[in-house]
Amino acid sequence: MKGALGSPVAAAGAAMQETFGCVVANRFHQLLDDESDPFDILREAEHRRQQQLQRKRRDEAAAASGAGHRGGRSPAVASGHRPGAAGRRESQKERKSLAVSSAQQPDSPGGPQPPGQKRTPRRGEQQGWNDNRGTDVVLDRAERRSYREYRPYDTERQAESTAEKFTDEKPVDRFDRDRPLRGRGGPRGGLRNRGRGGPGNRAFDSFDQRGKRDFERYGSSDKANRMEDSMGGCGVRTWGSGKDTSDTEPPAPMEETSMMEECQGVLDEESASKVPELEVEEENQVQEMTLDEWKNLQEQTRPKPEFNIRKPESTVPSKAVVIHKSRYRDDIVKDDYEDESHVFRKAANDITSQLEINFGNLPRPGRGARGSTRGGRGRIRRTENYGPRAEVVTQDVAPNPDDPEDFPALA
């Protein structure tokens, strides 16, 4: 770390700290002298691990090949070491030579092959494991056609149908073949109308598609079949025989037809009588009228309200006596009332006509001259400023609210 303190990075950091007062870089100058790459360390560890695995596999292969020889080498050679070199490791060349010699031995046909030299199974063969011997068992099967090999759909189905017609065996081998008729849609990539219930399936109704039996369907229901069976036995609901029921049943339709004819005759008569009535009603209803006519019709049909109004008696009673005569003539009063009907009556104590009402303006308090002695706008107008106009300026006395003359009573 002493060398790190004198490094240019540390000097630059110190200069930055003095200049700006804030350093976000390596504060304690850690790992400044470390130039190794961490990925190199990981690669080296991985390489070491792979070498150990390879060495272990080679040792196991050498031990297995040494144990397979009959009366061959000594245990020192079988363990992978030469007898003269006990403390020295075996070289790579010696290991290779041991592996080649063990592979060329003719007296070990059942020995396991070294790793990396197994033969891939041929086409049509399958490898299985036998627990008794520990060797690979090869099972030959019939050669299949390639997965992507194109084959016309119609020709394939026709061949299968002809093959299954002449054989009584069940189609067990269909699980190993492609089954395009299984799902709702047809085969991938074309051939329309191959789905459920499509016309593509009608041509192949003769052969089994899913290994099941095809049942024939009839248009009649189960109830009809059961009725026929019971008729052959003891008749309908086990009463009488089939001949009895056949003899008694035909009159029923004749009675029904006669009833239907009577009902139709009654309906025709009713409809003929109703038709003119409907026509008359429609003629009465369809009448065009204006809005005024309709309103007048409504007013006529509307019930008028009746009020119990008491009427005055026009006859003068015989015992009536005139107490005093009126001061005004009736004709003058009527004329005045008709001409001045819009004028309201005045009370007897009304004195508003006797009052004198003046709308005079009171003198406004002045602001004073700008060039006043005290240098400011005055709020009170002084009389000395208006020498010749002193007689004009008159101030009325404010009205007294307690005085009835200033505030007359309003009726």
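Each residue's number is its place along the chain shown, starting with 1.
Cβ coordinates come from backbone N, Cα and C, glycine included.
The shown structure was predicted, so the numbers you read here are calculated from the model rather than taken from an experiment.
Feature annotation from Swiss-Prot assigns coiled coil to 42-62 (among others); the stated evidence is sequence analysis.
Taken from Swiss-Prot, the feature coiled coil covers 279-301 (among others).
What Swiss-Prot records for 87-97 (among others) is compositional bias 'Basic and acidic residues'.
According to Swiss-Prot, the compositional bias 'Basic and acidic residues' annotation covers 138-181 (among others).
What Swiss-Prot records for 205-229 (among others) is compositional bias 'Basic and acidic residues'.
Summarising the annotation, Swiss-Prot assigns compositional bias 'Basic and acidic residues' to 292-313 (among others).
Residue counts for the compositional bias 'Acidic residues' (402-411) by DSSP state, with H, G and I taken as helix and E and B as strand, are 0 helix, 0 strand, 10 coil. What Swiss-Prot records for 402-411 is compositional bias 'Acidic residues'.
Taken from Swiss-Prot, the feature SUMO2 cross-link applies to K212 (among others), supported by similarity to another entry.
The SUMO1 cross-link annotation in Swiss-Prot covers K212 (among others) and is backed by similarity to another entry.
The SUMO2 cross-link feature in Swiss-Prot is assigned to K274 (among others); the stated evidence is similarity to another entry.
As annotated by Swiss-Prot, SUMO1 cross-link applies to K274 (among others).
Per Swiss-Prot, the feature SUMO2 cross-link maps to K334 (among others); the stated evidence is similarity to another entry.
Here Swiss-Prot flags K334 (among others) as SUMO1 cross-link, drawing on similarity to another entry.
Marked as phosphoserine by Swiss-Prot: S7 (among others).
Look at Swiss-Prot and you will find S36 (among others) tagged as phosphoserine. S36 (phosphoserine) falls within neither a helix nor a strand when secondary structure is assigned with DSSP, and so counts as coil.
Look at Swiss-Prot and you will find R70 tagged as omega-N-methylarginine.
Annotated pair T352 (phosphothreonine) and S36 (phosphoserine), C-alpha to C-alpha distance, rounded: 121 Å. Each of the modified residues S36, T352 was scored by how many other Cβ atoms lie within 10 Å of its Cβ, and the smallest score goes to S36. Computed over the coiled coil (279-301), the whole-number mean pLDDT of the model equals 80.
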